[in-house]
């Protein structure tokens, strides 16, 4: 494992809020702003190309724009840059970034390397309020939502790191710190920006959004008409067990969640992925596999079994590999499409929120 730790960090709240991030503007919003300034709408495409194809961080570098417009942009917007506080590189090529925001809060972003390309896992909130009992992200609670531009900036920052080796980000998973549907408007704007051909041009079917199950937003997301991949953090096959693992299940119980999933499938015609973390002696027995098969029977779906990373602050243990394979076989016996997630960054702080939690501990010593 390689670790890089740059200069000292700011204290939370130490700096003044910056100008609005231009990364938060969709192409249409940027066109509207330009027209209001007396500029031609085509300038928006030029600006997008500078931001997302050339990845400049200074409006002065946008040399095909009139000087007056560059000055207007600089006085109206910022180009969000994230300060790298910690960079951990795993033996398998996974890179975990701890980025510092303008107000001193920190977020995690992960670059995962696959045979088919490079995937970036982005964060949508500083902390999380959902309170899943197995997750490091909820330690310390929710501090604030990220703006769309702060989510976009994570992908841009990772892409800039890949530019040195002529690689590109080929897919995005919205599975980092926070509940994406708890920051819904910023999420949707982020998805439209990174998916736009003039933006980062990541294909919709190469983007996955995961939710713990905020039911009203599932219906709303289904109605958006986006071809984004959709995943549910399920982790339990019964209402009682899911409530123990995920307190959100009290507000949005499993039967109602499954109704929303059925609506999503019927509305979009797309498959849903159920993420199922395996916790030793808790939800990993063959009876749980049978219950899970019954729960999702007949649905257009896929199950992703997740060997969980150990989190010191939590009491859960990893399921033995032999038991994971037995669980997989039990599901396949029922005709369930199932895979075991490949583990990334096992030798670094790979669990979501783990690196940030460690840094928070060090700050308070």
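Positions of Cβ are set from backbone N, Cα and C atoms, glycine also.
Annotated S-adenosyl-L-methionine-binding residues in Swiss-Prot are 178, 179, 233, 234, 235, 309, and among 106, 119, 210 the one listed with them is 210. A separation of roughly 11 Å, to the nearest angstrom, links the Cα atoms of residue 210 (S-adenosyl-L-methionine binding site) and residue 121 (disulfide bond). Considering only the residues assigned to S-adenosyl-L-methionine binding, 178, 179, 210, 233, 234, 235, 309, the longest pairwise Cα distance works out to 19 Å. Within 10 Å of the C-beta of residue 179 (S-adenosyl-L-methionine binding site) there are 25 other C-beta atoms, taking all protein chains into account. Across the structure, residue 309 (S-adenosyl-L-methionine binding site) and residue 135 ([4Fe-4S] cluster binding site) are spaced 10 Å apart at their Cα atoms. When Cα-Cα distances from residue 234 (S-adenosyl-L-methionine binding site) are compared across the recorded positions 121, 128, 132, 135, the shortest belongs to 132.
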